[in-house]
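TrEMBL lists Cys172 with the feature active site, glycyl thioester intermediate. Taken from TrEMBL, the feature Zn(2+) binding site applies to Cys157, Cys160, Cys431, Cys434. Feature annotation from TrEMBL assigns compositional bias 'Polar residues' to 554-570. Summarising the annotation, TrEMBL assigns compositional bias 'Basic and acidic residues' to 589-600. Summarising the annotation, TrEMBL assigns compositional bias 'Acidic residues' to 617-629. The annotation domain 'THIF-type NAD/FAD binding fold' is assigned in TrEMBL to 9-431. Residues annotated as domain 'Ubiquitin-activating enzyme SCCH' in TrEMBL: 271-368. If you look up TrEMBL, you'll see 441-533 marked as domain 'Ubiquitin/SUMO-activating enzyme ubiquitin-like'. The annotation region 'Disordered' is assigned in TrEMBL to 546-641.
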Amino acid sequence: MAAATAAASSEEAVKAAKVLMVGAGGIGCELMKTLALSGFSDIHIIDLDTIEVSNLNRQFLFRQSHVGQSKAKVARDAVLKFRPNINITPYHANVKDSHFNVDFFKQFNVVLNGLDNLDARRHVNRLCLAAEVPLVESGTTGFLGQVTVHVKGKTECYECQPKPVPKSYPVCTITSTPSKFVHCIVWAKDLLFAKLFGDKNQDNDLNVHSKDDTSSKTDVFERSLDEDLEQYAQRIYDHVFGYNIEVALDNKETWKNRRKPNPIYIRDALPEGAVQQNGRSQDNMNDEQDPSAMVSLGLRNSQEIWSLADNSRVFVEALKLFFEKREKEIGSLIFDKDDQLAVEFVTAAANIRASSFGIPLHSLFEAKGVAGNIVHAVATTNAIIAGLIVIEAIKVLKGDYQDYRMTYCLEHPARKMLLMPVEPFEPSKSCYVCSETPLVLEVNTKTTKLREVIEKVIKSKLGMNLPLIMVGTTLVFEDGEDLEGVEIANYALNLEKVLAELPAPVLNGTTLTVEDLHQELKCNINIKHRDEFNEEKEPDGMVLAGWSGPVDKQITSNGENRSVPSSSNTEDVDGTAEDISAKPGMKRKLNEILEAKENFDALENPSDVGSSSAQVVEDDDDDELVMFDEDPRQSKKKRLQ
């Protein structure tokens, strides 16, 4: 009888629920299907993306004919074909748009996230807190995944704990002393590709001075009007792989304890005859095909590791094809993992550089995974996680907060179990988002401008999109769409003033009140003046304490985040798989958890085909990122009582 009553209660809760989904990608497709088949009848879905070919292998609601269309709208139409009597409202929009405000969120009983980046996740978390609407978070990467529940006042919020991020590589490692293939990929993608085909005004750490001309006004990458394209390609090759390596070798100190690189010139990699033959198979391409160096050169297997000679031929051919077939795009190109010619160029350039530094070469398939930050998705994992989301959503709707679980999906069974349940934890008293704990900012108030604080701290670290900043009762800055011209001009002047010279001076002991009206988030920042900072350890020139900042943690996958100019969207890294063997409040005995540790060692270092020492980032299709949120090594938390 009790079981029947509970089932009826669940069914009633589901039927009456109004649900908001954010994200219609790999998890989102599975989730919408599961919601519809579970009896939910009022579903709203927000997604900014359009369907790409690479989505079709797992996002089963989409077909080839849907490529280029809105994910949210196509997903709705697909589900209505087998559940025509339910209501699904799609929004082809960014969840951070101003009309998706707190009042919008208040109409829902629960919000279900299937997002692919930290910034959007934090934004939704704050809106859910302000609207007092429960949030069910999720994420997958390969065979790994997790679902977490966040209810204001009952569990920790999404931002209560640090989100571990991958190790960053300094520019000098990328430009001078690479030791891993991923370093070569970053160099080829974010430095060389950007220099040749991207914004010419963008800062770039490549040496632009040739051996013959060291004038500061001369840029070796500039092509003269009468220069033959073949000669230009060979000149660039000799400069970046030959001359620049020789310049690096001049610094004897650098190579005392390192393997010295070998300069590579085109004449060494390709016999003269092979250079002249390069690209003669262009006739194999018709005008309707996208230009491809592989097609042009008759290379067919993307999983084959090319020789140095083949990589050199691809490098020269790809560079020529960009100028011959896509000249109008040069100057505005940004690397895209779905751009075949760009991937070919980056693969070849990375392999030639790797060869110079004694690093093993990789196939185009492997290099694309690293360059595109790809962690290959597993549809089954998405389906499992979607099912767990719905289970937790039903608990939320029934108010069964004692039964909430954060559930982790493992790659290898632990005592014949693939799912690891963990009881949620209570809100962190030190969380600046869901508590009123003030932050402390150490900064040189005499030299640091307000603009720097806004960009490096308030927007980048605290994730506020439209901040309002007050010093006491004085408003020193506001960002928004409804400002008048005079206000905009005044705030623009304040941006360029150092903190101590603002209309209301910011000095040691001053408290800033920072607010984002859209997110309805407000926090205080206590200012502590400090004269000097370590440029290497504190590159921002300021230190923020009291926030759950990123934990520096490296995992192995097919992606990279680094401290070099980036052309890809890698500024937000969501997190890594955590070691939960030390977590309190587990429903399993300690010895069982310890036996499962080997699974979490795998979680700490997930690998994929051709992976290098890199990291998972959000720049894949939709959900291929690790979102294991809590790190027990950062704080001991109480179990939800």
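Cβ atoms are placed via backbone N, Cα and C, with glycine included.
Owing to the predicted nature of the structure, the values given are computational and were not obtained by experimental measurement.
Each of the recorded positions Cys160, Cys172, Cys431, Cys434 was scored by how many other Cβ atoms lie within 10 Å of its Cβ, and the smallest score goes to Cys172.
Distance from the CA of Cys431 (Zn(2+) binding site) to the CA of Cys172 (active site, glycyl thioester intermediate) is 35 Å.
Mapped onto DSSP helix, strand and coil, the domain 'Ubiquitin/SUMO-activating enzyme ubiquitin-like' (441-533) counts 24 helix, 30 strand, 39 coil.
In the predicted model, the domain 'Ubiquitin/SUMO-activating enzyme ubiquitin-like' (441-533) shows an average pLDDT of 91. Across the domain 'Ubiquitin-activating enzyme SCCH' (271-368), DSSP helix (H, G, I), strand (E, B) and coil residues number 59 helix, 0 strand, 39 coil.
Counting only same-chain residues at least 6 apart in sequence, those with a Cβ under 8 Å from the Cβ of Cys157 (Zn(2+) binding site) are Asn125, Leu129, His150, Pro427, Cys431, Val433, Cys434.
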